[in-house]
Amino acid sequence: MVKTVFGTLQKIGRALMLPVAVLPVAGILLGVGSAGFSFIPDLMSSVMAQAGGMVFGNLPIIFAIGTAIGLSENDGVASVAAVVGYVVMLGTMGVMAQQLGVEPSVIMGVDSIDTGVFGGILAGLLASVMFNRYYKIQLPEYLGFFAGKRFVPIITALWAIILGGVLSFIWPSIHEGIDAFSRWSVTENPVLAGFVYGVVERGLIPFGLHHIWNVPFHMEMGQYIDSAGNVYTGDIGRFFAGDPTAGFLAGGYLFKMFGLPAAAIAMWHCAKPKNRAAVGGIMVSAALTSLLTGITEPIEFSFLFVAPILYVIHAFLAGLAFAITNYLDVKMAMSFSNGMIDYVLYYTIATKPSWIIGLGLVYAAVYYSVFRIAILALDLKTPGREEETRKGKVEVSPELARNLVEAFGGKGNIKNLDACITRLRITVNSVEDVDQDRIKSLGATAVVVVGKNMQAIFGPQSDNIRTEMQEAIKTM
């Protein structure tokens with residue numbers, strides 16, 4: 001049961017990566033356009049701000065499309081079904097809102113119940129389920145035109161009416177719960193909420209489920225209405241819209257730009273002299289990745305399995321970072337992952353952004369000291385302290401792809417192949433046929449196995465590796 005649930009959640013988390021991937025460019029457009037830089041003409045700033053705002057304003061349907069595609073082997077029919085399902089769901093809820101006396105919101109020009117990105121995700125899930133179940137359906141000859149994939153949008157629309165009706169009854173209560181949680185986390189106790197958010201988010205990283213946890217905080221938490229009457233929800237959307245209370249996620253900058261890079265340097269310094277040069281290349285590269293982009297998995301997975309106590313400490317410090325910035329009223333959101341790129345882009349629209357540098361330097365000292373003391377005192381086998389040290393940067397190539405396919409038991413053993421930002425996500429028919437040691441020797445930082453669901457952590461190159469593996473499978 002647990003393995004089945006994990007597999008399902010992993011698939012949903014993977015599917016969410018596509019719509020999440022549009023946030024950085026939207027955030028850059030909105031952030032730069034709203035910053036009022038003197039070297040950018042006013043007209044261009046307005047265009048950029050409006051363009052970015054349109055993306056954030058239509059996130060529900062973007063999530064519907066992305067979720068459907070991600071859960072249906074990238075088939076475009078599922079995306080059409082998701083759009084059809086979403087608009088039918090909106091129309092149904094609009095009618096039901098009048099009958100139930102629920103105050104509607106204007107969504108895509110329609111008066112309806114605002115379910116936010118959750119509604120989009122549900123529509124995408126519905127479309128993917130209908131696609132996977134009916135894309136091969138056969139109908140009587142006189143209905144043959146509607147058979148197969150053409151049937152999917154039709155059946156999705158019918159089920160969307162039911163989904164919209166059900167949501168009309170239950171969503172107002174869910175919305176009240178979200179509002180209550182938002183008030184507690186944004187105004188009543190942001191310090192404790194930040195700590196809980198940070199600890200849980202880091203705790204879910206090893207399982208690749210943190211994207212699901214992030215959605216309510218990034219996309220739904222809080223509400224802000226601008227001078228034009230536009231409604232924005234979620235910490236990211238409210239921040240870019242000018243909400244002075246947004247920026248709950250500023251704590252991420254402390255450990256992603258400063259703490260973890262310092263931990264990487266500590267592990268480098270603690271490596272055995274004969275391994276120090278090799279470890280230095282790996283750790284400096286991982287530290288720069290975390291500093292610039294906020295992608296932390298290459299560092300985290302280097303010590304997660306060999307020194308779990310360090311990861312527990314890291315999760316605690318991550319939660320503490322969010323608590324500290326919220327306590328000190330440091331407000332800064334992000335569009336990707338709390339790296340220096342985000343920091344520079346959104347510096348002018350943040351609250352107390354310079355404090356992040358000072359607090360970050362303190363965090364760097366804390367991380368370096370804690371990691372170095374713990375590694376040496378407990379003789380933890382972090383990279384370079386074991387006898388064999390993994391090679392440096394992985395070179396993506398057809399040869400690597402073929403070797404990985406073989407290591408996963410051959411193309412016949414690979415049931416599903418996908419990737420997110422930092423890891424391959426593969427469902428296999430038989431775990432026993434997978435050579436995990438070979439996968440690690442080919443460059444994986446770690447291999448996570450839950451049931452028949454496997455994750456191989458290769459860092460930011462994972463998506464390119466996935467593409468090469470798909471090409472290799474076609475020719476094998």
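Backbone N, Cα and C define each Cβ position, glycine as well.
Counting only residues at least six positions away in the same chain, the Cβ atoms of G13, R14, M17, G208, H211, S462, D463 sit under 8 Å from the Cβ of C420 (active site, phosphocysteine intermediate). Annotation note: C420 (active site, phosphocysteine intermediate) sits in a coil segment as assigned by DSSP. Sequence annotations record features per position, and here TrEMBL assigns active site, phosphocysteine intermediate to C420.
If you look up TrEMBL, you'll see 3-387 marked as domain 'PTS EIIC type-1'.
Look at TrEMBL and you will find 398-476 tagged as domain 'PTS EIIB type-1'. Summarised by DSSP class, the composition of the domain 'PTS EIIB type-1' (398-476) is 39 helix, 22 strand, 18 coil.
The transmembrane segment feature in TrEMBL is assigned to 20-41 (among others).
Annotation comment: TrEMBL describes 47-69 (among others) as transmembrane segment. Cβ atoms under 8 Å from those of the transmembrane segment (47-69) belong to residues 12, 15-20, 22-23, 25-34, 40, 75-76, 78-79, 81-83, 85-86, 107-108, 115-117, 119-121, 123-125, 127-128, 131, 219, 230, 232, 236-237, 240-241 of the same chain, restricted to positions at least 6 beyond its ends.
Residues 60-61, 64-65, 67-69, 103-104, 107-108, 110-113, 115, 119-120, 122-124, 126-128, 130-131, 135, 149-150, 152-153, 156-157, 159-161, 163-165, 167-169, 171 of the same chain lie 6 or more positions beyond the ends of the transmembrane segment (76-97) yet place their CB under 8 Å from a CB of it. Sequence annotations record features per position, and here TrEMBL assigns transmembrane segment to 76-97 (among others).
Feature annotation from TrEMBL assigns transmembrane segment to 117-135 (among others).
Here TrEMBL flags 151-174 (among others) as transmembrane segment. Outside the transmembrane segment (151-174), and at least 6 residues removed from its termini, the chain residues within Cβ reach (under 8 Å) are 77-78, 80-82, 84-86, 88-93, 96-97, 100, 102, 113, 115, 119, 122-123, 126-127, 130-131, 134-135, 137, 139.
Residues or ranges marked as transmembrane segment in TrEMBL: 248-270 (among others).
What TrEMBL records for 277-295 (among others) is transmembrane segment.
Look at TrEMBL and you will find 301-325 (among others) tagged as transmembrane segment. Residues 191-192, 194-199, 201-203, 206, 248-255, 259-260, 263-264, 267, 282-283, 286, 331, 355-356, 359, 363, 366-367, 370-371, 374-375, 378, 380-383, 386, 445-446, 457 of the same chain lie 6 or more positions beyond the ends of the transmembrane segment (301-325) yet place their CB under 8 Å from a CB of it.
Residues annotated as transmembrane segment in TrEMBL: 355-378 (among others). Here the transmembrane segment (355-378) has Cβ contacts under 8 Å with residues 250, 253-255, 257-263, 265-267, 269-270, 307, 309-310, 313-314, 317, 321, 324-325, 328, 330, 332, 343, 385 of the same chain, all six or more residues outside its ends.
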Other parts of the chain folded back onto the transmembrane segment (20-41), taken as Cβ under 8 Å at six or more residues beyond its ends: 47-53, 55-56, 62, 66, 211, 236, 240, 242, 334-336, 342, 345-346, 348-349
Local confidence of the prediction over the domain 'PTS EIIC type-1' (3-387), expressed as mean pLDDT: 89
